[in-house]
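Shown next, in structure tokens, is the structure this report addresses.
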Amino acid sequence: MRVCVRACVCVYIHRFLVCPQVSGELDDCHCDVESIDRFNNELLFPKLQALLQTDYFRFYKVNLNKPCPFWTSGSHCGLRDCTVKPCSPYSAEVNSELDKCEKSEALGAVDVSLRSVSTREALKNWTKHDDEAQRFCLLDDEWCPDSQYVDLLLNPERFTGYKGPEAWKIWTSIYEENCFKPFTVKRPLSPLYSSGRSEGEGSRAFYTWLEGQCVEKRAFYRLISGLHASISIHLSARYLLSDEWFEKRWGPNVSEFRSRFDSELTQGEGPKRLRNLYFLFLIELRALVKALPVVKEGSFKLFTGQPQEDCRNKERLLDLLHTARSFPLHFNETSLFAGDETEAAKLKEDVRLAFMNISRIMDCVECFKCRLWGKLQTQGLGTALKILFSELPSSPPSSRLTLNRQELVALVNAIGRISTSIKELQNFRELLAEDT
């Protein structure tokens, strides 16, 4: 689906970017960026943040120890050139590199501690309740024994030092092998190619190829690109600005943001990435709305073992979903997988399998905190797609939509990440304006 947005006219003063934003209407959904900004920043974002503080949505059950099914690597260091070189074990160079690796691993480590006995006991009851009522382990028995609840509030998504070749390997595998793109078509700014063509020529060739694809494959690429953009915004917004022995200071890094989204520095790719972020927001927002009939059912519970709190949480969730429904410019998912039923079914299965493969790639992320948020957000997006293309509760029992705890927690946290990204964009605009 072609998502074209008129890029804002950016004014440069002393070579500093004043207005790194996109604006105008999005094709195919009768929606504009400004309406999304207002709706998200004023209405949706505050309610999402309040909901994500609750026990039901702050604890995510995940297996962070599954081996990578595609390649083998023994390093967990995320800093550039951090592999220990075969020098003397007593050399200053090796000791310096080891210090860097230890610092990076500390930033990327996941805090799996549960701060009280009552919390640990409550989570045991959650697992017992889910296994009996929703049986979310049925499809993957091997996945469950090694899984554990992680407190997402203790493990915020932010800069960890995971970058360079290791991180590029993950994204290259996702884009090159799972986005229906032939290897001969160069993806803009990809480190994989070194052809004689200019970057501009390669970029034009890529988008010519992309626009020639069916709407479903174009949409799939833009969803992945939007997810990539959102993650990049979070790493730029919560960057490690100083690391002293007595304090770590986190905050927005404008230079890092520019390097990822400035149109000039990214050869025009930055604004495209941001447009894809807005497209992803519309997809996940629409999924929230379509989940409303399921959540409204009297049998649908947000179980934590605290009946009064469970009722309040369901009221908060319903309020969020009704707020999402009030957005007047929703994406129309019926434009996807339309036409010949046989071809549509095959295409839907191809997309499903590609997305499942991306989920497996997340087990190859060597920074565990990055792996945590990567797995959560891919599951959240996968849940959104499941909702958009599943039947509603009014359908026959065999085909109706159901949601378990894992899917709901992932979905709400995933759109929470996208919502935060859009909010952070406003913060970066203000910071960039101050630079002038």
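We count from 1, first residue shown onward.
Each Cβ is built from the backbone N, Cα and C atoms, and glycine gets one as well.
What TrEMBL lists as active site, nucleophile is Cys367. Cβ neighbours within 10 Å of Cys367 (active site, nucleophile), excluding its own Cβ and spanning all shown chains: 25.
Per TrEMBL, active site is recorded for Cys370.
Sequence-distant neighbours of His228 (FAD binding site) (same chain, 6+ residues apart, CB-CB distance under 8 A): Trp171, Arg273. Taken from TrEMBL, the feature FAD binding site applies to Arg158, Thr160, Trp171, Ser225, His228, Arg260.
Per TrEMBL, disulfide bond is recorded for Cys77-Cys82 (among others).
Taken from TrEMBL, the feature disulfide bond covers Cys367-Cys370 (among others).
Taking every pair among Arg158, Thr160, Trp171, Ser225, His228, Arg260, the residues listed as contacting FAD, the largest Cα to Cα separation comes to 21 Å. Of all Cβ atoms in the shown protein chains, 25 besides its own fall within 10 Å of the Cβ of Cys370 (active site). The Cβ of Arg260 (FAD binding site) has 20 neighbouring Cβ atoms from other residues within 10 Å, across all protein chains displayed. The Cβ of Arg158 (FAD binding site) lies under 8 Å from the Cβ of His234, Leu235, Ala237, Arg238, Tyr239, Leu240, Trp250, each on the same chain and at least six residues away in sequence.
Each residue contributes its Cα atom, and for Thr160 (FAD binding site) and Cys367 (active site, nucleophile) those atoms are 8 Å apart. The CA atom of Cys367 (active site, nucleophile) is located 20 Å away from the CA atom of Arg260 (FAD binding site).
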